[in-house]
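Below: one structure, written as structure tokens.
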Amino acid sequence: MDFNSVFGSWRHWPCSAICFLGSLFLLLNHVTGIASNSTYLIGLGSYDITGPAADVNMMGYANSEQVASGVHFRLQARAFIVAEPQGKRAVFVNIDACMASQIVTLKVLERLKARYGDLYNEHNVAISGIHTHAGPGGYLQYVVYIVTSLGFVRQSFDVIVDGIEKSIMQAHENLRPGSIFVNKGEILDAGVNRSPSAYLNNPEAERSKYKYNVDKEMTLLKFVDKQWGPVGSFNWFATHGTSMSRTNSLISGDNKGAAARFMEDWAEQSGLLEDVDNVYLDESKVESIKLNGIPRRVSNIIPNTCKNFNELEQLAASFRSSGGRPATRLLSVVRRVRSYLKQAERPRFISAFCQSNCGDVSPNVLGAFCVDTGLPCDFNHSTCNGKNELCYGRGPGYPDEFESTRIIGERQFQRAVDLFKQASEQLTGKVDYRHSYLDFSKLEVTLPKASGGNEIVKTCPAAMGFAFAAGTTDGPGAFDFKQGDDQGNTFWRLVRNLLKTPDEEQKECQRPKPILLDTGEMKKPYAWAPAILPIQIIRIGQLVILSVPGEFTTMAGRRLRDAVKTVLTSGGHGEFDHNVHIVIAGLTNTYSQYVTTYEEYQMQRYEGASTLYGPHTLNAYIQEFKKLATALVTGGAVEPGVQPPDLLDVQISLLAPVVADATPIGVEFGDVSTDVPKNAGFKKGDMVAVTFWSACPRNDLMTEGTFALVEFLQNKDTWVPAYDDDDFCLRFKWSRPWKFSTRSHATIEWRIPESAASGVYRMRHFGAAKSLLGSIHHFTGSSSAFVVM
């Protein structure tokens, strides 16, 4: 083709065509620049893991009265895979759950082996929980973690396993050439130390090396696809998922889940991706994608063509509540704002906010106060006049837990955006990993003696101290327990002995912890606590991820990172320099509660009392991780260890099934029970609420769908999905008049955001009802329309 014949008359082209070419040139130059530095194959995936939104106890606070009854926003499994084109690969999955579960990990690995052979296995797959305390429980296999959920909850377990598998499948299918960039930065106002008296027991010389008594640094990865540009980010930052309180009953990803939702929406709504869309598509196609493809907020896609309130009011009056009617399961998925069925061909942007060494870090940054006097709690014991039940931490939105969740989530999100925009250090080098199973009930640990030489100490079978029952300032316990108790009391020892009396060897091993529950030696009806734990190192270039199966405190995490870094950067192996980035991925692959330093353990606050394997637990981790790190830099192998038990077939569940759902005579499922006021008008910031006749949400989890929807009226006759139960501003609340009633209601609450477009809206509910014969029937219903100005 003759170049001049095509482009020679460019001076006579319209300005729009010249701008188009300029944009195309810049884009192609940008993509070429990225492509030239591509070093890995990268793939990301995400899938819904929202569990049963009714009847199931929440996991985290161990509060038997905290039972799910709705959705704040949905939970996700988010995965990335990084592979060398002709070498090894690694998988990291971040789940919006309280923690990883041994049985979940085992069953995911079984499915991956059946699907991919030996490509993905326990060595190169890490599954990590964000530590929200607002997700359904019952998905762990050890007794102590499923007591309050009335045993094992198969529905909770299945949706998590399914979602993790599907997120990895998506990431695998999305593998393409790309690059990864790393960046670090501090967040000063998203976490405080909730056990400062224990932290102060660490050596002063060690404490003086650090500016803060919690880790303030976020480490972020930016994933850049060779073809599409930025496609996601994962970051690690330490703060507890306890912005939502122990009385909350709505499923929520807490502050980290909120941050992930904010960042994914930011990426889709900002100009981050639009250059690609606009260069390759004409105006009509771009608008089509905005409406039907990549999710956008309604304020961005619908112009305010009609601002006259009277005109809008008349239009709204023509749409009264529709009444309940049959629907298909797919309709809930199709109408979801972020439905995968609506996605454009380009990959979705996926952002994960992962957990780190959060053991003693609280998001309730205003401090802990007594609810009766308003005064600060006792420093050493976190009590108020001797009672721990009155001492609560306050989040930045106090007394509104939803606002505290938003603020802490937003602080992480804003910092992540800054780091994402400025990330320039590219990861290069090998993908590698090491993994081992260890029996933490009897590990021998070699420690240096102050007088010279070494001594050998041991870890212990798992046990919980009296201060475990005191809880924390994020969620205090009950009765007369208190933090900092290294004595115990006679009454609770008698109660303990009815279950299991610890022998003298166990008492001595755990000292100074007074044993409340000797869980490691309790085996009826099956094991109460884990003994065999996985430890894992994953390397991606100069980034090293330490996968730990518990909650390390701030100083415990620092010691582990420093020990591993010393191994990686010394010895003349040439694999790493001192710029190596080491992150701790907490609550990964299984769960074994807390890990404190030896000095913090002596104080027997909640974290020390919950350090299961005795005072030398941290030293055991450091010793074994140093072995993994040595093998990583030398290319050596490590002992695989003994596989942990699979207890799925012996699980017990006492959760009653859903028998049937019913409505009064003349009422259909999906009918409106309480509508918006007639001729109602609302403004930004108002709360709109509609109640529907409903059925138990356990009948269908609406995975990748929604229970609740706000629709916007476009062109006077088309209802467009605007907000759903995965939006922070929308709440789905389910209730029944009494525990075993067949009748129930669903209330949809929408706090109208400032970004909402003026116009006509309506609420819509999706559900599934169970008949006495056991069949499931899906339904939907809509409210009357209303005006937002």
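Glycine is no exception: its Cβ is also placed from the backbone N, Cα and C atoms.
Annotations in TrEMBL come from automatic prediction, not curation.
TrEMBL has this to say about the protein:
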DOMAIN    40-623  domain 'Neutral/alkaline non-lysosomal ceramidase N-terminal'
BINDING   H131, H240, E551, Y594  Zn(2+) binding site
ACT_SITE  S362  active site, nucleophile
DOMAIN    625-788  domain 'Neutral/alkaline non-lysosomal ceramidase C-terminal'
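E551 (Zn(2+) binding site) is surrounded by 29 other CB atoms, counting those within 10 A of its CB over all protein chains shown.
Looking at the domain 'Neutral/alkaline non-lysosomal ceramidase C-terminal' (625-788) alone, the prediction's average pLDDT is 97.
Neighbour count (other Cβ atoms within 10 Å of the Cβ, all protein chains): 24 for S362 (active site, nucleophile). When the binding-site residues H131, H240, Y594 are screened for a Cα within 10 A of the Cα of S362 (active site, nucleophile), the ones that qualify are H240. Shown in sequence order, Q355, C358, G359, V361, G550, G586, L587 are the same-chain residues outside H131, H240, E551, Y594 whose Cβ sits within 8 Å of the Cβ centre of the Zn(2+) site. The local packing around H131 (Zn(2+) binding site), expressed as other Cβ atoms within 10 Å of its Cβ over all shown chains, amounts to 28.
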